[in-house]
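The [4Fe-4S] cluster binding site annotation in Swiss-Prot covers Cys438, Cys444, Cys484, Cys488 and rests on sequence analysis. Annotated siroheme binding site per Swiss-Prot: Cys488, in sequence order.
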Amino acid sequence: MSKQVIEQEVLGQVLGPLADNERLKRESKNLRGTIEQDLEDRITGGFTADNFQLIRFHGMYQQDDRDIRNERTKQKLEPLHNVMLRARMPGGIITPKQWLAIDKFADESTSYGSIRLTTRQTFQFHGVLKPNIKLMHQTLNSIGIDSIATAGDVNRNVLCTTNPVESELHQEAYEWAKKISEHLLPKTRAYAEIWLDGEKLATTDEEPILGSNYLPRKFKTTVVIPPQNDVDVHANDLNFIAIAKDGKLVGFNVLVGGGLAMTHGDTSTYARKADDFGFVPLEKTLDVAAAVVTTQRDWGNRSNRKNAKTKYTLDRVGIDVFKAEVEKRAGVEFAESRPYEFTGRGDRIGWAEGIDGKHHLALFIENGRLLDFPGKALKTGVAEIAKIHKGDFRMTANQNLIVAGVLKSQKAQIEKLARQYGLMDDAVSEQRKNSMACVAFPTCPLAMAEAERFLPEFVTDVEDILKKHGLPEEDNIILRITGCPNGCGRAMLAELGLVGKAPGRYNMHLGGNKAGTRIPKMYKENITSAQILEEIDSLVGRWATERTDNEGFGDFTIRAGIIEEVIISKRDLHA
């Protein structure tokens, strides 16, 4: 099977042996594999090679604690295998009841005792040992949560702008995010059979949209409400830009082909912005979503996974060809895109009042890690708020948490709890609020350098540099750190992006902008944190003295000729 040739009826055909992932998907019996047998094998804490891949479709990654890997090897022990689970939560909305349940599970049944908010607008459990995996899924199911298709070659968790002010518009957009998620979800019964003891969540094993081999590679979708680009549209394969008239949603502009993952040293891989296909009315939304997915399903590269994402398919066959195929499959003709503008993407930390009169408190959670730290019992604090809160919580794509729908009568009480547990801290700088990192060490098997554990102290050093050059609080830099080039920390949409290359070393990228509409380019390769800070000191010194009025750091680096602007990624990024 691994030598079978795949043929694709499209200009610029990809012919070659199938990637081995295609074999295992086809032989998996619709994502079942032999996962159940592996669960019963208590000799090892891990899964076999094929099931290692298949559990991703069920929302899990096999990991181990890399901090103790070498010591366990010396003791002739296998790595401390465990799984990370990412929940499926379109739009990131979770109720207080659900929150208290996941808080309890994290305390009692994970190795790290934390809840990790992620850039995919959901939460992750880390350090779940094999005996607790089925319990985890059944616990989530009991509160109406699952992890179907949050990883693997499928459409993953659908993001939606967390806009607490435009309450009615947000609700409409959120409903569409849920509809899109359900429409593109795998139909196999494998998840229910394996984890829920046969309880049915779906009714058929046919996959009319995803197909028997599912997608060539992971696929990401967003629903976004301008002017906020908090979901970072250009990091995603498919984006629906909400267009409103008189406060009501009338349709979407559709953007296709974004993505940030690359491979070090492979110039055939690159970060890429999404292309604007045009406007569609609401009633064609699901048809267009399915058409984009099935076109990528049929035309995507199944021979080389490094070039398998939608962005490469678009560049290979041409935007016009891909767009025409989507129109044919969806039975729609894209109209000219409606005007919109992105002005920023950071969360509005603090209180905001919606047009419905309810109050919303956005809490800054550094790196999304909810854990009880010395002097800041963040995880306990959120649980205490959940015990009294009458609204819901909204996880953001910036790894923060919004206490949404707060009644005026509860506002003071919730703020008191937030301050008591360190969830509200007036001393947190704007620079820190606009910095984030992926998990990386010790749990991510792909990490080449530290990210989450490196960021806090590094941001302090950057804050000192900004102060040294006399820059006010509002003048900060969108800073992202990711431990490897796969891009979970979205460094390739930052004004200053650091991409892990080796322990203690990073590639330094410059030239993104505040709104997240420009790809940064590599400025320095494989340098240490000390060297990075020296470069930042020099660059910020120039920015402080040479910039024009209100010129952002990323815009300045391009205008000053420090870095060349990336306009067409395939042509410019590695030039």
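One-based numbering along the chain as shown.
Cβ atoms are placed via backbone N, Cα and C, with glycine included.
With a 10 A radius on its CB, Cys484 ([4Fe-4S] cluster binding site) counts 23 other CB atoms from all the protein chains. Listed in chain order, the residues near the [4Fe-4S] cluster site other than Cys438, Cys444, Cys484, Cys488 are Val439, Ala440, Leu446, Ala447, Ala451, Thr482, Gly483, Asn486, Gly487, Gly489, Gly500, each with its Cβ within 8 Å of the site Cβ centroid.
Local packing around the binding-site residues Cys438, Cys488 was summarised as the count of other Cβ atoms within 10 Å of each Cβ; on this measure the leading residue is Cys438.
Of all Cβ atoms in the protein chains displayed, 21 besides its own lie within 10 Å of the Cβ of Cys444 ([4Fe-4S] cluster binding site). The DSSP secondary structure for Cys438 ([4Fe-4S] cluster binding site) is coil.
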